[in-house]
Amino acid sequence: VFGKDINLILVLNNLSSDRKSVKVDMSASTILYTRRTVAEILKAATSVELGPKQGKHIRVKIPYTHYGKYLTTDKRIQVTALCEVMRTHGLKLLVEKTIILEDTNIIIKLPRRIVVNRAVTLEISYANPLPEPVSRCVLLVTLMNQQVKINLARLAPRERSKIYFEFTPRRAGPLQLQVDFSCDKFSHVKGFVTIAVAPA
């Protein structure tokens, strides 16, 4: 989840009946959705001795403090491990994983029944998932082809807050509500909901 440390496990298994010595070079970078690298956030190397038919786990931790300021709005991190089996004429294996960090920041609560031409109040809650305060918080609410910009107070580390948003639907049927939360440390955390408006 965005704002928390990332913990990964690389599993190495020796399927042969011989001892193996494996050199592992690991790296991680923040990337765009096009897979273009933004910044390298981890580089580590280790060696592992594997007995016959033995497996071992290598734990890797990427703290938020390493990746936070380099993350783009795509919230993607590419992790690679190049495993080289020693004394086997350069036998290598490349393992890659793309991590897309989830947002759990926006929660939209609707009344049970929403009727055309009757005022509705929604509850929109938003959060700072980071271990540091954020300021210049802005909520952009898009509904019925209109945008409302709401300036919010700063949030303490891990703080959750909420606002109440009132509107009156002018026609029956489905309505799309989009909420976009930004601040000085991250931007464009989105929440969506489809509102079913009943006839009067």
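Each Cβ is built from the backbone N, Cα and C atoms, and glycine gets one as well.
As annotated by TrEMBL, domain 'Transglutaminase C-terminal' applies to 2-85 (among others). Over the domain 'Transglutaminase C-terminal' (2-85) the predicted model carries a mean pLDDT of 90.
What TrEMBL lists as domain 'Transglutaminase C-terminal' is 106-197 (among others).
DSSP assignment over the domain 'Transglutaminase C-terminal' (106-197) gives 0 helix, 55 strand, 37 coil.
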